[in-house]
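Working notes, beginning with the structure itself.
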Amino acid sequence: MMSIRQRREIKATEVSEDFPAQEENVKLENKLPSGCTSRRLWKILSLTIGGTIALCIGLLTSVYLATLHENDLWFSNIKEVEREISFRTECGLYYSYYKQMLQAPTLVQGFHGLIYDNKTESMKTINLLQRMNIYQEVFLSILYRVLPIQKYLEPVYFYIYTLFGLQAIYVTALYVTSWLLSGTWLSGLLAAFWYVTNRIDTTRVEFTIPLRENWALPFFAIQIAAITYFLRPNLQPLSKRLTLLAIFISTFLFSLTWQFNQFMMLMQALVLFTLDSLDMLPAVKATWLYGIQITSLLLVCILQFFNSMILGSLLISFNLSVLIARKLQKNLKTGSFLNRLGKLLLHLFMVLCLTLFLNNIIKKILNLKSDEHIFKFLKAKFGLGATRDFDANLYLCEEAFGLLPFNTFGRLSDTLLFYAYIFVLSITVIVALVVAFHNLSDSTNQQSMGKMEKGTVDLKPETAYNLIHTILFGFLALSTMRMKYLWTSHMCVFASFGLCSPEIWELLLKSVHLYNPKRICIMRYSVPILILLYLCYKFWPGMMDELSELREFYDPDTVELMNWINSNTPRKAVFAGSMQLLAGVKLCTGRTLTNHPHYEDSSLRERTRAIYQIYAKRAPEEVHALLRSFGTDYVILEDSICYERRHRRGCRLRDLLDIANGHMMDGPGENDPDLKPADHPRFCEEIKRNLPPYMAHFTRVFQNKTFHVYKLSRNK
């Protein structure tokens, strides 16, 4: 399949005046002349410098990632078909709709083709705007048509440059969040440096460009920055309204661009619920945020032609349950410690029961089964029962859905990020526990919000939010490796904030009896500067070597296959095969597919299981009947799947099919006692022997080292 090889014959040739001035905000502040004017000038200068650095570091990160992508693939030199093949698996499927919109004679015809699509799933007409999150491709295709750039910029470059441009916004948002939390832009600079030096664990945009998370995470980062600012006390009415608008827009765009938005926002809702229950943020602000989440999802639901998976999401059920339970329990935040703890547990139980009740009612009314594979996967993953379900096992056996590898922490430790993160996390967790205990014990102050008498521990609402956020997303990343990008980027923010926070250093110095305002100032600036110098010294040479390493895209077998399909098959031909390969077939050839990698539909999952019988132990006439039931004209067999060695026994695709079919697996090893030997040999192996039972139904029309294409006979 696709690989990267060395190239041949390469010749050398603070953002607004609302930003806080924390105590001892700047090291040089004591040297400034007194007076309101000079302080204001210094504040404006600091904001200007910090804002300029934020924009510059964002743009530099974008250029850096774009250069890596070019150097890895020699993207500017390879053929168009090779560029398209480089968009692997579902990435190619999403990009194909951008290409489809551009190739449509008019925008109206382009929209009609997406709403009434009969090429993505054979013998079915589906609404792609309802089924998939592809409004971003639609928007970009419209922009490309409207803007006068066709003569200067190819469509594919307009697409990938947009994605790399979003990375600039992403890094800038992380920078601003850290700046808001600490009060100094130095922490934002450190967060951005950590993001870049830990690139392997913070982003994968350079090799999975069209992936939905690469569209969504920049808006998620903007939302977190806006929430961080919104949770500050004493906001001016105009600032509050503008911040709520920013939260709504970023939440809406995040929801519109990623099908897993509801699960990420459910984690956010759990953060808000925890903090609200412990009096660590105002209930009114939590209500605003719950409302924004529900409104954003409902608006996306309308744009996606009332997608039932959104209406049946746990997030909507949970947020409604929280608001209902709060109305039913009036005096939740009064009484003694034990009394309040009992009320809190009752409140938690009521919210949980209401959530499950509402969610089940909605799903029964809508007859919703689109997300059942996710819950089967979670049930099996956390040991709540073994399963032979093909879909659940397909996820369980993928490395991306496994536990976070231990070597991740080694890489994060090399940049000192993990050590700094644990240091800051430990201190803030202790502070949060003290504040939570104080709030639950204080029956006279129903909304203390962490504001205590002078000399006691303090935890600001925006800090508390980011603390619980990083903990919950940390658990998510530890359990599912694919979700680590949500945690590691925020890890950069949280660690850099803590090292530049006067409150953290004040608490630490007081605990060792070394407290002094000047020492706080020295520590909060010297430590980050030393880490920045260390990062530059250790990683700058490697980054320069990385930028100078020139490689080339190389996948001749797939290129040969796509060229053959374009030249030797009818435009209306229907192809069956693996989900990953068929996404590329649609992008490169425009042929009709039987199945594809967008797996969030129950009927598609059943269809995929049926198509995958080509790798199971089934009779040729059975396989032929299954394929023809979906209108298949050609089937593509891949040796890399038929003779797979990447996964261990029990996780190979052929093993998953054998188990689901009740057959014993190949090779040495144990089988469950109820599994039986199959009556037929494995189809993908036996068909290559050209035996009469197979030749009666299948004719080989193409073959290379990787792929075998067979044409199906039309006789019954």
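Just so you know, glycine gets a Cβ as well, placed from its N, Cα and C.
Your range for transmembrane segment, going by TrEMBL and the list 142-161, 462-481, is 462-481. Ranked by the number of CB pairs under 8 Å to the transmembrane segment (215-232), the listed stretches 44-66, 344-362, 487-509, 521-540 are led by 487-509. Segment contact is absent for the transmembrane segment (521-540) and the transmembrane segment (344-362), given fewer than three CB pairs below 8 angstroms at sequence separation of 6 or more. Below 8 angstroms of C-beta separation, residues 22-24, 170, 174, 177-178, 181-184, 186-188, 190-192, 194-195, 198, 201-203, 217, 221, 224, 412, 417-418, 420-421, 423-425, 427-428, 431, 457-458, 463, 466-467, 469-470, 473-474, 476-477, 515-516, 519-521, 523-525, 527-528, 531 of the same chain, each at least six residues beyond the ends of the transmembrane segment (487-509), sit close to that stretch.
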